[in-house]
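> This structure is in structure tokens; I'll ask about it shortly.
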Amino acid sequence: MTRIFGTDGVRGVANGLLTADLALRLSQAAAVVLGHRHAAHGTRPRAVVARDPRVSGEFLSAAVEAGLASSGVDVHDAGVLPTPAAAFLVADSGADFGVMISASHNPAGDNGIKFLGAGGHKLDDAVEDQIEAQMSQDPLLPLGAQVGRIQRFSDAEDRYVLHLLQSLGGASLSGLRVVLDCAHGAASGCSPEAFAAAGADVVVIGADPDGLNINDGYGSTQLEKLQETVVAHQADMGVAHDGDADRCLAVDHTGEVVDGDQIMGVLAVALKEVGQLTDDTLVVTVMSNLGLKLGMAQAGIELVETRVGDRYVLEAMRAEGYSLGGEQSGHLIFADYATTGDGLLTGLQLAARVASTGKSLKDLAAAAMTRLPQVLINVKDVDKAKVSTHQELQEAVASAESRLGGEGRVLLRPSGTEPVVRVMVEAPTADVARDESQRLAEVVKASLAL
């Protein structure tokens, strides 16, 4: 049987893979696995449910809540809120678990169901496997008055925004003009509210969700409108979220993109200055630009690398107690304030750094790191399982690394879902990166062809 859970919950086309029936059965199984500690005490588990504004979220949240309540779980419906808000509310309210219905940066036709454990953390693979196994069992449902209640979490957004403001420690964004691109997504209400409450002069785009326009022409994967608006309004910076607002990318006052690596560099230096960067260490993935490692070394900051995926970043952070980590894509995790990537928290912290230093975001990013030219080539229809064992390919990688010396790097990464190998090369110049990546891509294709 194919595993239902992917790298970030259950995701697929609404009413394709992701049906109301699946949502119902999935939530009934989750109620057993995640609410089991209440069974011996005769009490009811509590769960927080939130969603992004895509149209299918309406019927999927209804199905999820029906599955939970019919299993004896009291449901607190938080409505449309970002994923990090759902995670915060699980922890803040003392709920047993949470459910977020979103497909993040995917188009409106997709959706997903993600479970959060007690404390607001993503589930590990073993717990997801338990939920899948439970789905094959006939549910033993409570009868009559023993079913759960479904109640509106009326102050959910207010509590989350207050939490964001408290993370600033009294810092003000007064004097800053910030453009916010909310991707017509879950942050369309709370992000402008939080930035305005912190004192910023806010210009908002992509904040009119209609259920169908999420991530359409706006958001962190399509930054052109944000770049244009920042320049047109002579703003100090711009912040872009994705559909569920667990990530943040930025734009400086000239319209140049500031990616997740640069944001991490700026904020790692800021935390180190006030003694809040645990062990002077930043957790990143293997996809982070070599320029970040070089820049952080100059600042006295060490990097710990993980596999691609914010869940692996968080695992490393929790294992050693590190305070900051993230991905080039803009997922940043602040362990002192969040259990998952939080695009609003990241944007606010970045804006606060600009405000407190009086320096432009452009200058702060340049001081943190110099981004090396990076070329990524996807080589399709190859036997990805042999990437690490094929002798000729490994020799080609070693030759490329020798030519680059310490001024670049090579990464071959198999896709998790397709017969694809991703060839990534960073080098001192774009021409060198292009030439080396093309040379390696040709070897991959010739050596691993199916």
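Glycine too: its Cβ is placed from the backbone N, Cα and C atoms.
Straight from TrEMBL, here's the annotation block:
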type	residues	note
ACT_SITE	S104	active site, phosphoserine intermediate
BINDING	S104, D242, D244, D246	Mg(2+) binding site
DOMAIN	3-137	domain 'Alpha-D-phosphohexomutase alpha/beta/alpha'
DOMAIN	159-255	domain 'Alpha-D-phosphohexomutase alpha/beta/alpha'
DOMAIN	259-371	domain 'Alpha-D-phosphohexomutase alpha/beta/alpha'
DOMAIN	376-442	domain 'Alpha-D-phosphohexomutase C-terminal'
MOD_RES	S104	phosphoserine
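Please go over these features one by one and say how buried each is and what sits next to it.
S104 (active site, phosphoserine intermediate) falls within neither a helix nor a strand when secondary structure is assigned with DSSP, and so counts as coil. Taking a C-beta cut-off of under 8 angstroms and a sequence separation of 6 or more, S104 (active site, phosphoserine intermediate) has the following same-chain neighbours: D8, T83, G112, D242, G243, D244, D246.
Under the DSSP three-state reduction, D246 (Mg(2+) binding site) is assigned to coil, being neither helix nor strand.
For the domain 'Alpha-D-phosphohexomutase alpha/beta/alpha' (3-137), the model gives a mean pLDDT of 94.
Per DSSP, the secondary structure of the domain 'Alpha-D-phosphohexomutase alpha/beta/alpha' (259-371) breaks down as 60 helix, 16 strand, 37 coil.
DSSP assignment over the domain 'Alpha-D-phosphohexomutase C-terminal' (376-442) gives 30 helix, 19 strand, 18 coil.
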> For a quick check of packing: other C-beta atoms within 10 Å of the C-beta of D246 (Mg(2+) binding site), how many?
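For D246 (Mg(2+) binding site), the count of other Cβ atoms within 10 Å is 33.
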> Setting S104, D242, D244, D246 aside, what same-chain residues sit with their Cβ within 8 Å of the center of the Cβ atoms that define the Mg(2+) site, listed in sequence order?
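Sorted by sequence, the hits are D52, P82, T83, S102, H105, G185, A186, H241, G243, A245, R247, G341, G343.
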> For the domain 'Alpha-D-phosphohexomutase alpha/beta/alpha' (3-137), jot down how many residues DSSP puts in helix, in strand and in coil.
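Once the DSSP states are binned, the domain 'Alpha-D-phosphohexomutase alpha/beta/alpha' (3-137) shows 58 helix, 35 strand, 42 coil.
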